[in-house]
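S.K.: I'd like to ask you about the structure that follows.
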Amino acid sequence: MPNARKRSPWDASLIRRAVVDAFAKLSPRAVMKNPVMCVVEVGSVVSSIYLFSATGMDHGSFWFDLQVTLWLWFTVLFANFAEAMAEGRGKAQAAALRRAKSETTAVRLKENGRTEEVPSSQLRAGDIVFVVAGELIPGDGEVIQGVASVDESAITGESAPVIREAGGDRSAVTGGTRVLSDQIKIEVSSNPGETFLDRMIALVEGAERQKTPNEIALNILLAGLTIIFLLAVVTLQAIATYSMVPQSVFVLVSLLVCLIPTTIGGLLSAIGIAGMDRLVQHNVLATSGRAVEAAGDVSTLLLDKTGTITLGNRQASEFIPAPGVSKDQLADAAQLSSLPDETPEGRSIVILAKEVYGLRGREFSELQAEFIPFSATTRMSGIDMEGRVIRKGSTEAVAAFLKERGGSLPDEVRDTVEVVARSGGTPLVVAENNRALGVIHLKDIVKGGMKERFAELRSMGIRTIMITGDNPLTAAAIAREAGVDDFLAEAKPKDKMDLIQREQAEGKLVAMTGDGTNDAPALAQADVGVAMNTGTQAAKEAGNMVDLDSNPTKLIEIVAIGKQLLMTRGALTTFSIANDVAKYFAIIPAMFAGVFPVLAVLNVMHLKNAQSAVLSAVIFNALIIVGLIPLALRGVSYRAMSAEALLRRNLMIYGFGGLASPFLGIKLIDMIITALHLA
Ligand SMILES: Nc1ncnc2c1ncn2[C@@H]1O[C@H](COP(=O)(O)OP(=O)(O)OP(=O)(O)O)[C@@H](O)[C@H]1O
Ligand SMILES: [K+]
Ligand SMILES: [Mg+2]
């Protein structure tokens, strides 16, 4: 992400902005969203009114009442500050992205075949534009002709140029990025205001953030606890009045605020926002908070082979003719069948035929021919011309094609296919009419460092499955080389979906990374669907996350961030509730020690007096929110270990810590404020 990317969340300008925002968030509309803090704010308002009313002024304890009131306001402000801090980096990034949204002129194709210049803001989905080296791409779209290297640093922060090309799985381009070489023809896919950049801005800014079902459930629990304590405090006042020690509004509000779960209530939304922000720092844009949480519980990961595990630039490396067929004959048919084939595979075949076999280049438009484009379902492509029916494709697809025409696949060709596949290559069989002409060897390379990354996923308890449209032998060779746990070969788009649904039916959460149009249905079905930024528009729209770095093993970070988010929320909830229980022991004995001497045994802290006890508890309650902001933003430390061990460890640290800290903290504050004669 540009500019703001490496900025620390503790940058002075971010803090300054968060302080201002903390006050802005006092508005009733903002605070309404958080039931616990809403109660604290109402308490602060009530105390303030009492403080300056006639009864409050001559009450004799103005100094105490004033301090309590101020600390109540601080409690709300600290919670607001936490949320504002969590939002800060995203807002700064959004501002940087807005600057990247510059207006350019686009060269648009008119209906009469001529071109016209229009401002990029006038482009609509379906328009065709041309972009040449040096120009900015005027809108999101799909490359429909040509190849170019593109500088996408405005979006990804990555300065190395990337290849964008028609036909394959690397066809999507983003408005605001720059073409560095060559020329491309683009079909625009978005309308003004709905571009990737617009969505990205809204996302990092948090404008689209919705509470996740987990967050809503936790909020309901916290609201329930708040109501219970509200009733408890009202009842307590009845008892106190009966015992002739009615308590002041200030003491009652203090008691209430100390008992309700203000720590987690104040930090909950900051934890969620910080989790999304951590993803953004890893160049992942998540459109749903729910997906981030699901990532924390994922147990199966599906990856697509070509372009995800391998570099995805399958290149023809050799033509291997069938017995009785010359190399030239095979090269000629391979070239003819690929002339209009805009896939990387197709283009590489044309190049191989020309450069290595010396075939002269031909223009498809000059031939009387019909092109049959490749599809993931037919697994074949080819042309029909002047009585010649030429096809190239996967072994089984071509074998079926030959059988239909009364031919068959010779054993020698099957042997060649096997040799190519065992080496990890993709064999394409070429056939003309009812005769097999030979095999094209397509080579692809497994990306570096895959084995180690998959081993890491395994230690997190995640099973990796590679799915590919390729044949089982190639799939097995690549699966072994990449170190995935399992693979599914000859998969059609529907098979990917079915596999996901089967895993989900067993109650597993499934993550999937992919880039192709044929991956889109599966990306939509997966609980966590991570589309590669290099992929097709269809894939990017179907998933619920986009990885700007297009790194399929990014899921390791995504899972870690998801787990960290869940753990942080769990840890701070435990801490908060344990904390409130402990505060009870600070305040109640102090309130009633005068009338019920037995309560003195509960007064384990030996606080100076009733006022200092109440004030210390309120101050501690407010300060603990600030103290935990770094943890809420950074997340609790995550280590790959079993869920059970993690739970035990967290209960120990945060449960015990939550119980013990108020005793120490409140005692310390009591000593300080009595020394300063504040109470
Ligand atoms: N341009 C093409 N013309 C003819 N056949 C092709 C072409 N491209 C690929 N094939 C064949 O179709 C098969 C399936 O391709 P598809 O793109 O569906 O899957 P894949 O790219 O091999 O795997 P993945 O799902 O990992 O992307 C390939 O294995 C190959 O045999
Ligand atoms: K509290
Ligand atoms: Mg593919």
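From the backbone N, Cα and C atoms, a Cβ is placed for every residue, glycine too.
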S.K.: Given that TrEMBL annotates Asp341, Glu345, Phe374, Ser375, Ala376, Thr377, Thr378, Arg379, Met380, Ser381 as ATP-binding, name the residue from Lys354, Lys392 that shares the site.
M.R.: Lys392
S.K.: Near Lys392 (ATP binding site), how many other Cβ atoms are within 10 Å of its Cβ?
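M.R.: Around Lys392 (ATP binding site), other Cβ atoms within 10 Å: 28.
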S.K.: For Asp515 (Mg(2+) binding site), identify the closest of the recorded positions Asp304, Asp341, Ala376, Thr378, judging by Cα separation.
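M.R.: Looking at Cα distances from Asp515 (Mg(2+) binding site), the smallest one goes to Asp304.
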S.K.: Would you mind listing the long-range same-chain contacts of the transmembrane segment (62-82), meaning Cβ under 8 Å and 6+ residues beyond its ends?
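M.R.: Residues packing against the transmembrane segment (62-82) from afar: 18-19, 21-23, 25-26, 30-31, 34, 37, 40-41, 43-44, 47-48, 50-51, 56, 248, 250-251, 253-254, 257, 262, 265-267, 270, 611, 614-615, 618-619, 621-623, 625-626, 629, 632-633, 678-679.
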S.K.: Out of Ala376, Thr378, Asp515, Asp519, which binding-site residues have CB atoms lying under 6 Å from ligand 1?
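M.R.: Once distances to ligand 1 are taken from each Cβ, Ala376 fall under 6 Å.
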S.K.: The transmembrane segment (216-243): which same-chain residues, six or more beyond its ends, come within Cβ distance under 8 Å?
M.R.: 34-36, 39, 252, 255-256, 259-261, 264-265, 268, 569, 573, 577, 591-592, 595-596
S.K.: Would you kindly list the residues that approach the transmembrane segment (35-56) from elsewhere in its chain, counting only those six or more residues past its ends and only Cβ-Cβ distances under 8 Å?
M.R.: 26, 62, 65-66, 68-69, 72-73, 75-76, 79-80, 219, 222-223, 226, 230, 249-250, 253, 256-257, 260-262, 264-266
S.K.: Hey, of Asp304, Asp341, Phe374, Met380, Lys392, which of those recorded positions are within 10 Å of Asp519 (Mg(2+) binding site), Cα to Cα?
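M.R.: Those near Asp519 (Mg(2+) binding site) - Cα within 10 Å - are Asp304, in sequence order.
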S.K.: On a simple 10 Å Cβ count over all chains shown, which one of the recorded positions Asp304, Asp515 is most densely packed?
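M.R.: Of the recorded positions Asp304, Asp515, the highest Cβ count within 10 Å belongs to Asp515.
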